Amino acid sequence: MTTTEEAPKSPLFEAIDKNDTEAALALLKTKEQAAQRDPSGMSVLAAAAYRGNLTLVEKAIELKCDVNDKTDGTLYTPLMFAALSGKQDVCRLLMDSGARMYLVNGIGKTASELAAFVGHHECVAIINNHITIDVIEDLLRPKVNGKYEGAEEYPDELAVFIHSLCGSHEIHPVKIIFRFSKYPDSLKYKKKILYVIDRVFEKQLRCKESNEIMSLKLWLILFSMRETSKFVESNKEKSPEEASLQYAKLISTWQEGDETRRALDVMLRNAVASFPYKHSLLHDTLQKALQKSQIGERPSAYEYIVQALFGQRIAAVCQFCSVCGHPGAKKRCTQCKLAYCSQECQKFDWPIHKKVCSFLKTRQEVSPTDETAMSLDDIQAQIAKIDV
């Protein structure tokens, strides 16, 4: 934002611009101070979000700054500035505090669209897939006249665990299984976990601002949780952690001659096929896209799903872990260059990977822009019409 000599910025805004957190906090102690605007019309919260300063954003929200305030002239909101700064934690905090993702600026762009334009694809995913923990709490412990009257008490950790599933943009089945295995009470509270996820899922297409992308994402998570729970319950001789990790290895198997993990491919295709809202435009176009490749061939079902949910651009610029699908995988097999996000995933996959490493080394990676292999123009054109 530019200013004129006749209208200099206040010391508070000067401190925010310099990212001098200590100085800014000393000048930001009252609601009156938090209500200031700089000469361009930017609020204190917007300026802090633009600088990606989480501490100052927290303080401004504490002092009751409007998280949906629009900067004079440009109509930019704090969430839009956070999206431009690329600060994922600031985006998440603003949305947890009530920032609305559907607001548009002076040129009709949402925060998500601005983040995508400047290449902050993790912020795009966070904004488009946000669910507050309050939503989980309300379903886990519904209150009557402000008081929970349920027969069973649930630990706070359960709400945090369910929120970590619903609020994340990571939908890979193995990632879901890893989370299941690390939460000690996954099986104990299985029914409640599945119930809450199912209720959040159902709300996505039954509200005023229906969200097809969120609906499909939650369905994939719910499907993985159900399948994992079934497997763990059918292997009672093992601990829930052991059984769930065995299931993860089962769906991660890779046979020589296949370009993808066949069992995982089948599972994801079944998940998409079983999506209950068949009238969904997103579901219909994704189903058609999946028919373009055979099971075990590239592009995999996961590649199609990622592009459908998060856009073709994020799939092109992010390297996904070959085990859990985590974006930004930086580790590589020295021989075949298969990507991993961590030593944990690499170690987990080694008994499987060592059998196909030589085969994968001889395979040339299929280009995602190869029209004969993967052309998602149709699905992207349809997704572009969906208001998300």
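Each residue, glycine too, has its Cβ placed from N, Cα and C.
Per Swiss-Prot, Zn(2+) 1 binding site is recorded for CYS321, CYS324, CYS341, CYS345, and the stated evidence type is sequence analysis. Note: CYS345 (Zn(2+) 1 binding site) has non-local neighbours CYS321, SER322, VAL323, CYS324, HIS326, i.e. same-chain residues 6+ apart with C-beta under 8 A of its own C-beta. DSSP assigns CYS345 (Zn(2+) 1 binding site) to a helix in the three-state reduction.
Around CYS357 (Zn(2+) 2 binding site), the C-beta neighbours below 8 angstroms that are at least 6 residues distant in the chain are CYS333, GLN335, CYS336, LEU338. Residues or ranges marked as Zn(2+) 2 binding site by Swiss-Prot: CYS333, CYS336, HIS353, CYS357.
What Swiss-Prot records for 40-69 is repeat 'ANK 1'. Each residue of the repeat 'ANK 1' (40-69) gets a DSSP state, and the totals for helix, strand and coil are 16 helix, 1 strand, 13 coil.
Taken together, the residues of the repeat 'ANK 2' (74-103) have an average pLDDT of 92. Taken from Swiss-Prot, the feature repeat 'ANK 2' applies to 74-103.
Secondary structure by DSSP for the repeat 'ANK 3' (107-137): 20 helix, 0 strand, 11 coil. Annotated repeat 'ANK 3' per Swiss-Prot: 107-137, in sequence order.
If you look up Swiss-Prot, you'll see 321-357 marked as zinc finger, on the strength of sequence analysis. Only residues 6 or more beyond the boundaries of the zinc finger (321-357), in the same chain, are considered here, and those with a CB under 8 A from a CB of the stretch are 121-122, 170-172, 174-175, 178, 245, 248-249, 252-256, 258, 302, 306, 314.
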Exercise for review: Give me the Cα-Cα distance between CYS341 (Zn(2+) 1 binding site) and HIS353 (Zn(2+) 2 binding site), rounded to a whole Å.
Suggested key: 15
Point to revise | Tertiary contacts of the repeat 'ANK 1' (40-69) (same chain, 6+ residues out, Cβ under 8 Å) | key: 1-3, 12-13, 16-17, 19, 21, 24-25, 28, 30-31, 33-34, 76-79, 81-82, 84-87, 89-90, 93-94, 97-100, 103
Point to revise | Other residues, Cβ within 8 Å of CYS333, CYS336, HIS353, CYS357 Cβ centroid (Zn(2+) 2 site) | key: GLN335, LYS337, LEU338, LYS354, VAL356, LEU360, LYS361
Revision key, fill the gap. Excluding its own, the Cβ atoms lying within 10 Å of the Cβ of HIS353 (Zn(2+) 2 binding site) add up to 20
Revision key, fill the gap. Min neighbour Cβ count (10 Å) across binding-site residues CYS324, CYS333 flags CYS333
Exercise for review: Pick the one among the binding-site residues CYS321, CYS336 whose Cβ has the fewest other Cβ atoms within 10 Å in this structure.
Suggested key: CYS336
Study note, to complete from the structure: The correct DSSP tally for the zinc finger (321-357) reads 12 helix, 5 strand, 20 coil
